[in-house]
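Peer 1: Taken from TrEMBL, the feature substrate binding site covers GLY81, GLY82, ASN83, LEU84, ARG103. Look at TrEMBL and you will find ASP104 tagged as Mg(2+) binding site.
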Amino acid sequence: MAALATAEACDSNAALLASGDLRVLHPIFKSYGQIQVFSGPIVTLKVFEDNVLVRELLETRGEGRVLVIDGGGSMRCAMVGGNLGQLAQNMGWAGIVVNGCIRDVDEINGCDIGVRALASHPLKSNKKGVGEKHVPVYIAGTLIHEGEWLYADSDGILVSKSELSV
């Protein structure tokens, strides 16, 4: 899949931006992982300070998809660590976007995957298995639905109702 520059995508899709079919996430995320430019169909997850469902989803074949985790913006623990970063890489996920924190930054930075998160935090999450998979999530000023497309690069993150052409 050819890389799609988010700035170019914004410039050439004014009608999609105006209609809301293409949205720009607020610039609140830090970049982690070896892959700085990634895109793919979205899988959504809504959890709070509990990453059991994160592991469950990352244990499935990623097939180039992007896991978008609404962690409620919690800054009290990490939702993804080095083991899950490696799992995501091994299972073929294109990327992970976390509305929350990650940990094991050096390990994640060694993984061949794109990760965006609010910050890093050394404390691991709870393990109760509470949350919802495949539901709409509201992150960074944007309502995101499962099956939409996410595009991330150094300029930012876009969400589109459909796949954009290069």
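Glycine is treated like the rest: Cβ placed from N, Cα and C.
Computed from a predicted structure; not experimentally measured.
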Peer 1: Across the listed substrate-binding residues, GLY81, GLY82, ASN83, LEU84, ARG103, what is the farthest Cα to Cα distance, given in whole Å?
Peer 2: 10
Peer 1: Pick from LEU84, ARG103: which of these binding-site residues has the biggest number of other Cβ atoms within 10 Å of its Cβ?
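Peer 2: When each Cβ's neighbours within 10 Å are tallied, LEU84 leads.
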Peer 1: Per residue, counting other C-beta atoms within 10 angstroms of the C-beta, which of the binding-site residues GLY81, GLY82 reaches the highest number?
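Peer 2: Selected residue: GLY81.
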Peer 1: For the substrate site (GLY81, GLY82, ASN83, LEU84, ARG103), what does the 8 A shell look like? I mean other same-chain residues with CB within 8 A of the CB centroid.
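Peer 2: Near the substrate site, beyond GLY81, GLY82, ASN83, LEU84, ARG103, sit ALA78, VAL80, GLY85, GLN86, ILE102, ASP104, GLU107, ILE108.
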Peer 1: Of all the binding-site residues here, ASN83, ASP104, which one's CB has the most other CB atoms within 10 A?
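Peer 2: Going through ASN83, ASP104 one by one, the largest Cβ count within 10 Å is at ASP104.
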